[in-house]
Every structure is written in structure tokens, then in C-alpha cells.
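So the structure is just underneath, and the comments pick up after that.
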Amino acid sequence: MSTLTDTAPTRSGVLSNSAPNPRPFRLVRHSLALAKRSLIKTWRTPEALIDVTLQPVLFLIIFVYVFGGAVAGSTHDYLQFLLPGILAQTIATGAIAIGVNLNTDIAKGIFDRFRSLPIPRSAPLVGAVLGDVVRYVIVTVSTLAIGYVMGFRIDTDPFRAIAGCLLAVLFALCLSWLPVLVSMKVRTAGAVQGVMFALIMPLSFASNVFVGADTLPGWMQAFVDVNPMTHLVASVRGLFLGTPLGNHVWWTLAWCAGFVAVFMPLALRAYRKKI
Amino acid sequence: MTADLVIEAEGLVKTFGKTRALQGVDLAVPRGTVLGVLGPNGAGKTTAVRILSTLLTPDGGTARISGFDVVRDAERVRQSIGLTGQYASVDEDLTGRQNLELFGTLLDLGRAGARRRAAELLDWFDLTDAANRPAKTYSGGMRRRLDLAASLVGSPDVIFLDEPTTGLDPAKREDMWDVVRTLVNNGSTVLLTTQYLEEADALADAITVIDHGRVIAHDTPEGLKRVVGGQTLEVRPSDPAQLPRTAEILTQVGSGAQADEIRKGVLAVPVTDDAALTESVARFATAGIAVTELSLHLPSLDEVFFTLTGRTASEDDTTRPTEVAA
């Protein structure tokens, strides 16, 4: 600071009052700039990815080797059946992190800085949601990689396999508006985690993730049949293994649209109210 | 006159539950000047700044920045302001450079423009060496500089500094003061909140004192000091036996009042100018009086407040603010 003189940066006049922002697509541009911020944060704190990378490993090992023989007669058959389900479960759990992160972020004060800038109010939120896509891709790749090492093989073709992965990522992206909404409503990051686990756990266990739905009692089957997780898992299974797809992809996309249509406006409203 | 007011607030009211944070605050800052808003914790300073910077909506009253209403034209207001305070911070996981470039992008400087502006500010704030380290590794002083730099990315006309030096050591505080002076020299208008009369006196063209959400005084620093008392010279002779002799000398160099013992072994006298310090040193030397403490200071915030709010005119039997605070 000793070098401080009057040679301070001259006023560039980039932002004069008479010229309200003329450049188009502001929400998109600003959201992307803020998504990059989330990305840098993910990159800088790789330990934050441990939960989502370790979870599929543990679940696959425990379920395949402990229950595989009993449930499916062979561990390899069960691995083929289970992996798409574990992918769906992990990616849905991975979506919780955004709620936790947002809650901490807002408590720290950078959102006040964002709000004092001439950017769309929702840009920081949209940016954070978009930035998490990278996390979902990492989850997908690491789950498939560990599955591959354990002996999982894709029975269809690369295009359908990629379509399955993209569907899972899209599902997480749309679902993430729910944890965002929860993070605006509860006070602490821990509470976000608690509420979200209570919501995600029934979705992933009362589904076709671990076992086929036909052995379940009727009332539970009714729930399993509408559970968005069931549709996602059936879609990914179909795209990875060639099992019948039915209307599952359409149902999954409908659920995705539903998540965005319901939770995004609620989350944005709660966000405007909160800060 | 009113045409050139960059910050204007009339009758601002804000209530949080039962707490009446602001109860009708008026503020006015002409272009290119510094207004010091002086007040203790909880006086409503931060609430006022948050309203003026569009983070909060007032319950009553109006405020305009460069003629734009902070509620109706919030978007236009945001284009011309920079905000620095404990709450408007930076991203700790990002480096100093990434933070500044992010704000540049958000302010539509373009990729190259954002990069250039970030480099300029890092250089100006002596952060170039630390530019590629995450902000969470910065020291307190560096963090404040980065916070301030972040609020200057868009070259704002109007800068809000909410307690910019609270918690900084005196040397760092002086650095921050230099920055503020440079900003004003470059034509910015600054609203600065502070708990220190010294800081407001050093930087501000006018001072507004607020307490419990109300303006209790508005004056130039000189005017305010005339009311609350100017500087006080405090001396502690090393030998307590020398107290009477010391008091005699102090009374002679002071502005007319009798020197008093304000704490055990410490004498104080109001003085009008800085020369009193050197003069007293010379006289103590001549008289052979050794002193262990010798300081010149403005009344503390407590003293200012006591003078402005705590006493009626009839009790006002002395101009010595230090005494009434004791």
C-alpha cells in the first residue's frame, strides 16, 4: 500500500447511468459466469466429491457381494441389475449437496455482493444449479468406472449408454431445485442435509433400485409405480441393458419437467424473500 | 444545491419486528464529497447503507442515488454503486484475481475488460503477489483491500464503505484512509460509516451522527468538534510528585481550561491545535519532568454521544468530554 499514489485506475466509465445494460441474454451470461464460480469451487475442494464418489462404491460392493447371491442367484447378474439403480440413487443424493452449499454460501455474505450488482436477481441461483452439472457427470463416470472394474458390462450400444447417462444427469439437474428450495426454507446446512435425506431415502428404497417391484406388497407397489426414481432406473436399465423401455423415458422426462415447473418458481420466490 | 446531491435520503424508516432500526433518517451527500456516518453498534448505520445500496426496502421515506430511486430504479442504482462491508464479501474459495474477474464479467466488462480491470485493481491494492491464492488465505488487511477492490470493479460513482477499518490495526487503517482519499480525488462520492470520530474527522467533509435510528447531529468535522470538544492532551508524569507542576504546564499550553487528573496519575487538558503537543514536550524538558505517557486524541464515540445526548445544557459545566465519560 505504500506505493499508493494518485495513479489509481482511471474511471473507465463502462457503467454510466445513462446507459442501462444494452447487451442481450444477461440471465444466461451471468448465470454461466456464476456457474463457472461453482465449478472452480468444486475443483478447489475435491474432498467435497468424496461422498458422491465413495457412496456408489460402497453400495455396489455391499449389495452385490452380500445380497447378490441371495437376490439374483449370482453376483454378476445382480451387478448388471443393480448398477443403473445405484447410479440413479447416487446422482439423486448428489443433488442434495447444492442445497447444503447454497445455505453456507448465503450465510457467508457473497450473495449480498451479488445483489448489489446490476445482474438479474436469480442469476446466482441459476448459476449454482448449472455449475453442479459437472458434479453429476463426475458421479456418473465414477459409478460406471467402478461398475466396470467389478464386471459390469453395457449390453446395448454407446449411444444408448450415453443417452442413459444424460438422462440421469438431467434428472439430477431438475431435481436439484428441490434441495435449493429446502435450503431457502431451513436455517442451517445440516438441516438441509437432514430434510433431503428424509425425502430421498424413501424414494430410492421404495423403488426398483435394489429389487424388482413385483415382490412388494400391493400398497407399496402403487407407490413404486409412480416413484420418479423407478422410472429413471427403468429407463437407464433399458438404455444400458436393453430391457423393455416402455414409457419410462417419457415418465422420467415428465417428472423432470414437473420438478422444474414446481420447485424452480418456489425456490426463486423463497430466494428473493430470504435475502 | 439539491441538484448536485448524489446521495439523498429523506425520512428513512425501517423496522425489524419490534426493533425500530431507523426512525426517520435524512442523509445528503454532495457530489465528490465524503459523508461520515458516525454511530455506535446498533445505531442503524448498516441498515441505512443496506437501504441505500438496494439490499433492503425501507418501510418509509425515500432515497435516491444520482437521482434514481433506490426502490423503483434499483437496477439503475446498482449500476452506479460499489458496496463494501462485512456482509458484502467475496468468495473465499476463489483467488483474489478470480473474484475480481467474476465481478468484472457480471458487470459486463467483457472477458478482456474484466481481466484488465482485475489486474489494475490488484496492482493498486498491492495484491498482485497474492492474486492467485484463495481469498481465505488472506490476512485481515488483505481481505479488506480485496473487499474494497471488489466494490470498485465497475468504477462506481458512489461508494458505500460500511465500517471499512473496524478491526484493523492503526497502520492498516491509515492505508485504507489513503485509498478513500484517492477515490475522492478521482471524483467518487463516498458514504462511510464508522464508530471512530477520528476516522470521520480524517476523511469526511461532513459528519452525520446517528443514534437509535435518528440523526442527532449533522455538521462539518470542525463544527462537530466545537460542540463535542476538540482534542485532549493526556500526560502521565513518571513521578507522581510532579503532578502539580505538570498540571501547571498543561494548563498553560491548553486552550484555557484547567488541567484535571482524569485517572490516577494521568492529567488531561483540552487543546486547540497539534502544536500543543510539541510545546508541552519542550516545556516538560525544560522543567525536567519525565513523562511515561503522552498522547493527543479526539473524544471517543462514547464521549461524543454523552455530549450530544447525555447532558442537558444546565449540566454542561465543562468542555472536557473526557471527564464526563469517566
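Including glycine, each Cβ sits where the backbone N, Cα and C put it.
Unlike curated records, TrEMBL annotations are generated automatically.
Feature list (source: TrEMBL):
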DOMAIN    A:47-274  domain 'ABC transmembrane type-2'
TRANSMEM  A:48-72  transmembrane segment
TRANSMEM  A:78-102  transmembrane segment
TRANSMEM  A:123-149  transmembrane segment
TRANSMEM  A:161-182  transmembrane segment
TRANSMEM  A:194-213  transmembrane segment
TRANSMEM  A:249-268  transmembrane segment
**Message:** Please tell me whether the transmembrane segment (A:194-213) and the transmembrane segment (A:78-102) touch - that is, whether there are at least 3 C-beta pairs under 8 Å between them, with each pair 6 or more apart in sequence.
**Reply:** yes
**Request:** Six or more residues out from either end of the transmembrane segment (A:123-149), which same-chain residues have a Cβ under 8 Å from its Cβ atoms?
**Result:** 26-27, 30-39, 41-42, 49, 52-53, 56-57, 60, 79, 83, 86-87, 90-91, 94-95, 97-98, 101-102, 105, 111, 114, 165, 168-169, 172-173, 176-177, 180, 267-268, 271
**Fill in**
In the same chain, residues at least 6 away from the ends of the transmembrane segment (A:48-72) whose Cβ sits under 8 Å of its Cβ atoms read 42, 78-79, 81-83, 86-87, 89-90, 93-94, 97, 135, 138-139, 142-143, 146-147, 150, 210-211
